[in-house]
Number of protein chains: 4
Amino acid sequence: MAGNSIGELFRVTTFGESHGVALGCIVDGVPPGIPLTEADLQHDLDRRRPGTSRYTTQRREPDSVRILSGVFEGVTTGTSIGLLIENTDQRSQDYGEIKDLFRPGHADYTYQQKYGLRDYRGGGRSSARETAMRVAAGAIAKKYLQQQFGIQIRGYLSQMGDISCELKDWDQVEQNPFFCPDVNRLEALDELMRELRKAGDSIGAKVTVVADAVPVGLGEPVFDRLDADLAHALMSINAVKGVEIGDGFAVVNKRGSENRDEITPEGFLSNHAGGILGGISSGQQIVANIALKPTSSITIPGRTINKQGEAVEMITRGRHDPCVGIRAVPIAEAMMAIVLMDHLMRNRAQCNDVKSDVPRW
Amino acid sequence: MAGNSIGELFRVTTFGESHGVALGCIVDGVPPGIPLTEADLQHDLDRRRPGTSRYTTQRREPDSVRILSGVFEGVTTGTSIGLLIENTDQRSQDYGEIKDLFRPGHADYTYQQKYGLRDYRGGGRSSARETAMRVAAGAIAKKYLQQQFGIQIRGYLSQMGDISCELKDWDQVEQNPFFCPDVNRLEALDELMRELRKAGDSIGAKVTVVADAVPVGLGEPVFDRLDADLAHALMSINAVKGVEIGDGFAVVNKRGSENRDEITPEGFLSNHAGGILGGISSGQQIVANIALKPTSSITIPGRTINKQGEAVEMITRGRHDPCVGIRAVPIAEAMMAIVLMDHLMRNRAQCNDVKSDVPRW
Amino acid sequence: MAGNSIGELFRVTTFGESHGVALGCIVDGVPPGIPLTEADLQHDLDRRRPGTSRYTTQRREPDSVRILSGVFEGVTTGTSIGLLIENTDQRSQDYGEIKDLFRPGHADYTYQQKYGLRDYRGGGRSSARETAMRVAAGAIAKKYLQQQFGIQIRGYLSQMGDISCELKDWDQVEQNPFFCPDVNRLEALDELMRELRKAGDSIGAKVTVVADAVPVGLGEPVFDRLDADLAHALMSINAVKGVEIGDGFAVVNKRGSENRDEITPEGFLSNHAGGILGGISSGQQIVANIALKPTSSITIPGRTINKQGEAVEMITRGRHDPCVGIRAVPIAEAMMAIVLMDHLMRNRAQCNDVKSDVPRW
Amino acid sequence: MAGNSIGELFRVTTFGESHGVALGCIVDGVPPGIPLTEADLQHDLDRRRPGTSRYTTQRREPDSVRILSGVFEGVTTGTSIGLLIENTDQRSQDYGEIKDLFRPGHADYTYQQKYGLRDYRGGGRSSARETAMRVAAGAIAKKYLQQQFGIQIRGYLSQMGDISCELKDWDQVEQNPFFCPDVNRLEALDELMRELRKAGDSIGAKVTVVADAVPVGLGEPVFDRLDADLAHALMSINAVKGVEIGDGFAVVNKRGSENRDEITPEGFLSNHAGGILGGISSGQQIVANIALKPTSSITIPGRTINKQGEAVEMITRGRHDPCVGIRAVPIAEAMMAIVLMDHLMRNRAQCNDVKSDVPRW
């Protein structure tokens, strides 16, 4: 309950600091008999990895994950899976100067006050580097969901600053470094990034994640609704400040007659609800948006205080993404996969014997 | 883990259907020695109660809560507190006609498919009536937080349809049936409600909840961040489709230089973060917004299917709010109180001995 | 996590004090579609009920349980089930004199020190009266396990004082007030009870619980082993001081060659292990023993202190069983049922697709 | 909830197979600011380690533990601590022959049936090798409890076969390879071991663990009692078949007048209860006994079946302890430490503000 775990039946527990010895996690509850290799995890880790394009931080870490347990002769055994990524690029000297300062917009101040001390190297535990293990764990869930149920979970950059990116082509998403689904926005995104880099500034982003082929019935009434658990999982990603399911905040000025998704013998006529009704998946596409704040690690000087409470001005040096939202795409996919996997198992535990003649599409 | 509980150390578990015998909950983990009476809970229950104004459903239920255990001689004993509200206004006949239909925009379809059957009377477990117990449980947390730490949790209607309501006056909030903090918007709200009632339609809303005087340090890194747990708790309220912390989705087109909250020896210069940094409370005001969809219970005919999969047209009769967002104000306060209470206890468990010389404001 | 819940997927949370308004519990995770009435629960409640024979306390409480939710038209809906028993026989005056004393062997002292105050009426929350809700909840599990899997859970008094009772006849167990399976021991038990009553003293007991037809595969490796969870559940019963699985403490002076249960194509040759190997059910009969201490509520004067720390001599008046172990039989059955139900659901969640050609018996 | 975790607030999650790449665990919830080095963990690991005497298995594994996170500049940071032990002595060839057999008395059969497959090398996850991580995690708890509260947790071998070992001298315990507290029994134990080795057989054992200086008030009423959680933790150790608190099964033929622990202004007059009343620590010494079965890994041939269900006779070759109970001493201490640590934190969360004038000793 100390906060480093997520999921009930498919349970992921992580450890590791940005500049510590290693990152790791334990994935508990994986069904037995699933083929699994390190390569299955490496693909998404590479998508998240820094240093893969000139748009993301130039820290170069191979992020090679090792499976330490729970897989025997290439197949999961049903026991807990230990995963490990050794930290290889630990330039601690980059961060020495922030030892006694609290970077504005960062967790430095709150960690210091909560714990009375902090690992200041690269943000320690509060660094987004921690999300590597989420991606690795999520890849296991993704594989199971895809293989056993044909569930596909995909994300894309839907907005950066004022540039909104419509979902025009899923294939395009993996072909550009922005995870942008509209080839016509690439130039504008590229220009914005260059401008930000010159200005030493950063920008926010919106990311959309969708899941196709999710069966009806996932999610538990009242508190552990599927949407509530998705909100938890997505809001737990570094820099996320908002979560929407389906139409999200657009519902505020909608009428009931516009917003309800009518049903016909052929299926639902719309999907304003984002695939979730009463906290339970409806069989439609699950759709979620997240808002990611612009990173506060910028080279424009900012005011802060040091540990003694004195005013200081600081700039954040080091290697940072001007838009952390970009790399959030595989992370958001991973979080959605973990939540769906967990609820699939929870639903199976309780409703395994349920039969229904009512149509599902 | 079947979903009817929230919180780890301050744990609320609820039961009850809209038209069943009674609603109830168990509040576990309440510290001993806290004065507590039924009147402490009744105040917020009355704020949530239907039938209190002409703007909300005319179901009249006294919603009288009884404390069945855990309080002795007017003081909490530290053992689990059982709460009960008997259902007195159960006009089942109102709902008989929807027995075999799936109201669009409701949980009817998903419950039927998940469980193979459902209590169709008034939505059964999926009814917002369930939130009465959240409000009762939240009132215990609110009282403790207020009394022991001076933490104050308050909400208001910040938007209905196109009418946005600025926070002009906290006192005003409790003096009108909309929980609207701006007296100048009351007329417009009133007019909109009348128009909707005439049209048999409904409207969405945005509600804002804030907590003052929250100490720095609440929230656990990584998954059980304070913002993630707030997102979970708030998204679990019926009809909520979006959650924002601080500036929320407005960060998408903000620059890092605008968005970071600078720090001076006198305190933070702004609060874009909504009082949470790295998932941990910063000592600033905690701010969250939620988007509530327009209820689908309207009298404009809509298409749906029956259990046999045949197309039918239906209207939802009965007594329904044209804007369910209004009554969500005390519910959202309750959910924030439960989350803060839980994290206060979690923080105390682990960080009880932490001392810090760093300034807090 | 405040301790009033047990089970993960089949989760029981209780409230209520010995002399409070009511006892209640919430049973969460019950599969939908199971026929359930109050009569299903009442049978075991009656077996546990005080006042049913001259051998148990003469408090007369009908212990009528009401189902408040989660059942619709006679069938479980899959939502949380609220159960309630009103306390009708609350003679508080009986207990007023112990308000400022700590009865030796009771929880008075530890509750006072933990919470700073206590409900002294009849032991408050620490009273065995709380176990009524365990029995009610367990009856739901028992019914499901019996109906869906043919699993039968039964207990008996295996020893009282020096009188050991062999399992000679299951039918006999329900035909005498001792739950004794050997008709030849009834006279000796009766004599012992009369002697104790005359002496104002009490006696310990051993109770055995067994489960038949449990499928192979229940239990999770490492910490949540089936035997570990049974030990937790059984040790949580009031007055229990020891738990054994299978041969229990008799293994201490056994050799490996005697103790291992050999396997043949027709099945296991013995069951020293009590049906659990490596924490997982083997398909054999599950066998557990518990040791129950003699109640400390006796009329022989004993030394203790009052709240001021002064020495006092006291006797415990009131209506008490000379052997609380007797009534523990249905409670132990209930706890075993809850654990098996929970693990059945956990196993289904993870290992639902497992097929095996290896023989099972 | 897949079973590889223990504790709520002080939470230990483990992974690793006997002959896999590595064993590891994550310890979550450790308070910040505690000095901690690998040497602190290594001491107990060495006490548990095989190959340290001729009485235990001759597998030689250095069991060197590495701290991968959660400690910065020699002090805990409050974030999750990752621990790792690489497996260096993996002679898989030893175990190839049992690939298709189910060793009687082992978890081979139940793992195969539960998961449909198993890592047969040395028992895989079911091997007692897994307990190394319990010992490492427990050492963190032990250190905290000792340093902050002066709580001391110690165990000893109290019986092996028919040889019972009285607690004569705590110092003696660490000076002989049996953890025997009575120097006069060493010869008999030595002789028994030699006899068993010659016979290719094994023997059961009883281990006693005690905790001194535990404050009054730890343990939660009803289900998460301190004794119930100890029973869970201790029963989860490989080969344990029984758990007693205080007098344990000896209470069965005790009278209430003998068994209750009377109280005087100077303290309790006896400790039959083993330091726990109503599930809550009384401030007295906590005492628990466990029964460990004789290992089934013996060289006396035994009957079993293979995966095809055919009868086979087998002997278990390899390097095995004739009495696995010996090495259980540090494991039992670790489990008690984990439980006490967890309950100390739980109690602090809820009852932090409780003051009491009632004497404690």
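A Cβ is built for glycine as well, from the same backbone N, Cα and C atoms used for every other residue.
TrEMBL entries are annotated by machine, without manual review.
Residues annotated as NADP(+) binding site in TrEMBL: A:Arg48, A:Arg54. Summarising the annotation, TrEMBL assigns FMN binding site to A:Arg125, A:Ser126, A:Ser127, A:Asn238, A:Ala239, A:Gly278, A:Lys293, A:Pro294, A:Thr295, A:Ser296, A:Ser297, A:Arg319.
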*Where A:Thr295 (FMN binding site) and A:Arg48 (NADP(+) binding site) are concerned, what is their Cα separation in Å, rounded?*
16
*Hey, does DSSP put A:Arg48 (NADP(+) binding site) in a helix, a strand, or just coil?*
helix
*Of A:Arg48, A:Arg125, A:Ser127, A:Thr295, chain B-adjacent binding-site residues (C-beta under 8 angstroms)*: A:Arg125, A:Thr295
_Among A:Arg48, A:Arg125, A:Ser127, A:Lys293, A:Thr295, A:Ser297 (the binding-site residues), residues with Cβ under 8 Å to chain D, listed in sequence order_ = A:Arg125
*What count of other C-beta atoms do you get within 10 angstroms of the C-beta of A:Lys293 (FMN binding site), across all chains shown?*
30
*What is the one among the binding-site residues A:Ser127, A:Thr295, A:Ser297 whose Cβ has the most other Cβ atoms less than or equal to 10 Å away?*
A:Thr295
_Roughly how many Å lie between the Cα atoms of A:Ser297 (FMN binding site) and A:Arg48 (NADP(+) binding site), rounded to a whole value?_
19
*Taking each of the binding-site residues A:Arg48, A:Arg125 in turn and counting other Cβ atoms within 10 Å of its Cβ, which one has the fewest?*
A:Arg48
*For A:Arg48 (NADP(+) binding site), identify the closest of the binding-site residues A:Arg125, A:Ala239, A:Lys293, judging by Cα separation.*
A:Ala239
*Other CB atoms within 10 A, centred on A:Ala239 (FMN binding site)*: 20
*asked:* Helix, strand or coil for A:Ser297 (FMN binding site)? Use DSSP.
replied: coil
